[in-house]
Amino acid sequence: MASNVTNKTDPRSMNSRVFIGNLNTLVVKKSDVEAIFSKYGKIVGCSVHKGFAFVQYVNERNARAAVAGEDGRMIAGQVLDINLAAEPKVNRGKAGVKRSAAEMYGSVPEHPSPSPLLSSSFDLDYDFQRDYYDRMYSYPARVPPPPPIARAVVPSKRQRVSGNTSRRGKSFNSKSGQRGSSSKSGKLKGDDLQAIKKELTQIKQKVDSLLESLEKIEKEQSKQGVEMKNDKSEEEQSSSSQKKDETNVKMESEGGADDSAEEGDLLDDDDNEDRGDDQLELIKDDEKEAEEGEDDRDSANGEDDS
């Protein structure tokens, strides 16, 4: 751990010393400060006080690297304000003026070498640095917010005094400025409104065209559906008529076949009857011939007997 001595006034020590302002010392300790700033070089001294701290490096290059790397960093909820102790920042605030470290250290003698009683030397160093910080900044670490801007008071019409002409002129100027700004803002708003209206009209036209196209598509689809239904009904009717015709033809053909079959049967019956009659006649003729033959035989036998 580095020593607590950070108040040497020789130029080399002052140029290699880093001031750390706006430090939350309720949370951040000396070991934390050394751990953060030791990465930029060897630390030979480190002192932490109420709201600020000092880090003493061996050379100026390490100190400048630490300022460049850690200035503006947020630690424990507060943004650090870091700079070289010999080169304070110029525009740190309006309420106070920052003095150079050389002026602050000029009339203060250097502390003697650290004695075995470290507590006494630490107390002296702490008091010296606190006095340095208090005199260096005559304003609080956190600048209070600016007061609210008061509205311009408009003088009444009854107060017509020559001594208030300058005030009236100022108020008039403020009014004119406000009116000019309001007119500009009104013009800007009017232009914006016109542009918005144009965009809305374009969008409306596009939407209307889309709706019209959708309606056309729906109408075409409905027409196509009706045509398809009509075609289907016509096809069904034609198919049904064809089926009816086919059935009629079949019925007629079947009826003709039946008639022809009946006629054929009748003809067959007639032929059969004719054939039967012929056969009967032949049989009768055969019987007659046989009887005549027998008679002839009988007559021949009688003649022989006589």
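Glycine too: its Cβ is placed from the backbone N, Cα and C atoms.
The feature coiled coil is assigned by Swiss-Prot to 190-224.
The compositional bias 'Basic and acidic residues' annotation in Swiss-Prot covers 220-232 (among others).
According to Swiss-Prot, the feature compositional bias 'Basic and acidic residues' maps to 242-253 (among others).
What Swiss-Prot records for 255-276 (among others) is compositional bias 'Acidic residues'.
The compositional bias 'Basic and acidic residues' annotation in Swiss-Prot covers 277-287 (among others).
What Swiss-Prot records for 288-306 (among others) is compositional bias 'Acidic residues'.
The annotation SUMO1 cross-link is assigned in Swiss-Prot to LYS232 on the grounds of similarity to another entry. Neighbours of LYS232 (SUMO1 cross-link), defined as other CB atoms within 10 A of its CB across all chains, total 10.
Sequence annotations record features per position, and here Swiss-Prot assigns SUMO cross-link to LYS250 based on similarity to another entry. Reduced to three states, the DSSP call for LYS250 (SUMO cross-link) is helix. Spatially close to LYS250 (SUMO cross-link) yet at least six residues away along the chain is no residue at all, judged by Cβ distances under 8 angstroms.
Within its own chain, ALA2 (N-acetylalanine) has GLU34, ILE43, VAL44, GLY45, CYS46, GLN56 as residues 6 or more apart in sequence whose C-beta sits under 8 angstroms from its own. Taken from Swiss-Prot, the feature N-acetylalanine covers ALA2.
Here Swiss-Prot flags SER113 (among others) as phosphoserine, drawing on similarity to another entry.
The annotation phosphoserine is assigned in Swiss-Prot to SER115 (among others) on the grounds of similarity to another entry.
Here Swiss-Prot flags SER121 (among others) as phosphoserine, drawing on similarity to another entry.
The phosphoserine annotation in Swiss-Prot covers SER166 (among others), and the record cites similarity to another entry as its basis.
The annotation N6-acetyllysine is assigned in Swiss-Prot to LYS175.
Feature annotation from Swiss-Prot assigns phosphoserine to SER233 (among others). Of all Cβ atoms in the protein chains displayed, 10 besides its own lie within 10 Å of the Cβ of SER233 (phosphoserine).
SER238 (phosphoserine) falls within a helical segment according to DSSP. Summarising the environment of SER238 (phosphoserine), the number of other Cβ atoms within 10 Å of its Cβ, over all protein chains shown, is 10. Annotated phosphoserine per Swiss-Prot: SER238 (among others), in sequence order, evidence recorded as similarity to another entry.
Here the Cβ of SER253 (phosphoserine) has 10 other Cβ atoms within 10 Å, regardless of which shown protein chain they belong to. For the recorded site, ALA2 (N-acetylalanine), the DSSP three-state label reads coil. The DSSP breakdown of the compositional bias 'Basic and acidic residues' (220-232) into helical (H, G, I), extended (E, B) and coil residues amounts to 13 helix, 0 strand, 0 coil. Just so you know, the Cβ of SER239 (phosphoserine) picks up 10 other Cβ atoms within 10 Å once every protein chain is counted.
Remark: secondary structure over the compositional bias 'Basic and acidic residues' (277-287) totals 11 helix, 0 strand, 0 coil, with classes taken from DSSP.
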